[in-house]
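**Q** Got a structure here, written out as structure tokens. Questions coming.
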Amino acid sequence: MFVDQVKVYVKAGDGGNGIVAFRREIYVPMGGPAGGDGGDGGDIIFEVDEGLNTLMDFRYQKHFKARRGENGMGKGMHGKNAEPLVLSVPPGTTVRDVRTGVVIADLIEHKQRAVIAKGGRGGRGNIRFATAKNPAPEIAENGEPGVERDIQIELKLIADVGLVGFPSVGKSTLLSVVSAAKPKIADYHFTTLSPNLGVVDTADQRSFVLADLPGLIEGAHEGVGLGHQFLRHVERTRVILHVIDMAGTEGRDPYQDYKTINQELEQYDPTLLERPQIIAANKMDLPEAEDQLALFKEQLEEDYPVFPISTVTKEGIRELLFAVANKLDEIPKNYQPIEEKEDRVIYRFEKEDKGFQITRDPDGAYVLLGEKIEKLFKMTDMTREESIQRFSRQLRGMGVDEALRQRGAEDGDTVRLLDYEFEFME
Ligand SMILES: Nc1nc2c(ncn2[C@@H]2O[C@H](COP(=O)(O)OP(=O)(O)OP(=O)(O)O)[C@@H](O)[C@H]2O)c(=O)[nH]1
Ligand SMILES: [Mg+2]
């Protein structure tokens, strides 16, 4: 089973809570503050495992949660940080935030890692709030919530060479002849339903990865046949190996086939045609092939090299592999990771974000919403007076009081924030 696109939900661990504690010492009625910080919540991390080539592991499990940090302890002891949750993905995995559409990570090299959701910072214990004025603060911070997000994971296989062509032209047979891969081969269309990878070793000890892709037909770029989703896997190949049934076995015209496939590639992504292309004129063992090849060469306008081969007699295969390896040697191994960077976008987003919004409930209550204000709230220990006071100062600092007043709030009006309700007071 091959899976190359999947949506999942990830939630990094919340930070542990900081605590309020005091030293108990003989002769000292009330010792100094001794509440330690909470540990950090676990990150969700993706790591490339080159042994994988499908996202199948994400097919059944769609929710991933990392553990929360341990709460702080007395005697100033820090709670333990939670271990990250590390999930393995194949090379060529792209991760996108569903809400913003932004690419979070593009993972290519073996062992490469990316933090997909950052664990929350541990809350600070009361030691950290001690000042000259308030040497024994009864205040501690709850842990910061871990980042949660819906993500779209997409795989674009990384292969050096991609086999493209109409169905039944012999792509899978070629892969089976030049590598140890054992793809399904048959004389009906769309025998290959998902990509197969094989490692090819040339006679002069060079090697490259060859991807056998499902056959393309007219309209593939719009999703006809197995189309679109597999064209995606051509994107990261450095050389396109275009296989043509030169015997026109099914009564088709080889040159017309060639044109159609290239049009599909172009319509999917025009830069695909700038990529080096090598033509494998297959089925040369069949009687019609010689004449067709001569005609094809006359019609061909592009200066792509043409290699007559037969996967049955193995004629021409050796030369074809040398040509592919030579071409690969000329091109730098540069996978061009996807360029958008999340930092840039987040920055833009935060600039516009005031940190909160005000709406009203049907009963007239004012409702505060927004990522920043909700986070501050979650990090506040609402059972302690001093924490609540600190929270009110933070809200004032963000301009919340001012904004409420502008919306018409008066003393005694109800204000809601998540599951908490308080009275507006100037
Ligand atoms: N005579 C002859 N037949 C061939 C040659 N190469 C492949 N075939 C036959 O062509 C048919 C299709 O081969 P496949 O390798 O399955 O074709 P494909 O391009 O992978 O097809 P899809 O997976 O459907 O896109 C099979 O019956 C093969 O035996 C060849 O060089 N000569
Ligand atoms: Mg096939």
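Glycine residues also receive a Cβ, built from the backbone N, Cα and C atoms like all the rest.
Note: TrEMBL annotation is automatic and uncurated.
Pulled these from TrEMBL:
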type: DOMAIN; residues: 1-158; note: domain 'Obg'
type: DOMAIN; residues: 159-329; note: domain 'OBG-type G'
type: BINDING; residues: 165-172, 190-194, 212-215, 282-285, 310-312; note: GTP binding site
type: BINDING; residues: Ser172, Thr192; note: Mg(2+) binding site
type: DOMAIN; residues: 348-426; note: domain 'OCT'
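On this model, are these features tucked inside or out on the surface, and what's nearby?
**A** Summarising model confidence by region, the domain 'OBG-type G' (159-329) averages a pLDDT of 93.
When other Cβ atoms within 10 Å of the Cβ of Lys171 (GTP binding site) are tallied across all protein chains shown, the result is 31. Secondary structure from DSSP puts Lys171 (GTP binding site) in a helix.
Following the DSSP three-state reduction, the secondary structure of Thr192 (Mg(2+) binding site) is coil. Every protein chain considered, the tally of other Cβ atoms within 10 Å of the Cβ of Thr192 (Mg(2+) binding site) stands at 23.
Residue counts for the domain 'OCT' (348-426) by DSSP state, with H, G and I taken as helix and E and B as strand, are 34 helix, 17 strand, 28 coil.
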**Q** So which binding-site residues out of Gly165, Ser168, Thr191, Ser194, Pro214, Ser310 are up against ligand 2, CB under 6 A?
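**A** From Gly165, Ser168, Thr191, Ser194, Pro214, Ser310, counting a Cβ under 6 Å from ligand 2 as near, the near ones are Thr191.
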**Q** Please work out the number of neighbouring Cβ atoms within 10 Å of the Cβ of Ser172 (Mg(2+) binding site), leaving out its own Cβ.
**A** 26
**Q** Which binding-site residues from the set Lys171, Ser194, Lys283, Ser310 have a C-beta atom lying less than 6 Å away from ligand 1?
**A** Lys171, Lys283, Ser310
**Q** Show which residues of the chain containing Ser194 (GTP binding site), separated from it by at least 6 in sequence, have their CB under 8 Å from its CB.
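**A** Phe2, Asp4, Pro214, Phe230 - these are the non-local Cβ neighbours of Ser194 (GTP binding site), listed in sequence order.
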**Q** With Cβ-Cβ distance below 8 Å and at least 6 positions apart along the chain, what are the contacts of Thr191 (GTP binding site)? List them in sequence order.
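**A** The answer is Pro167, Ser168, Ser172, Lys184, Ile185.
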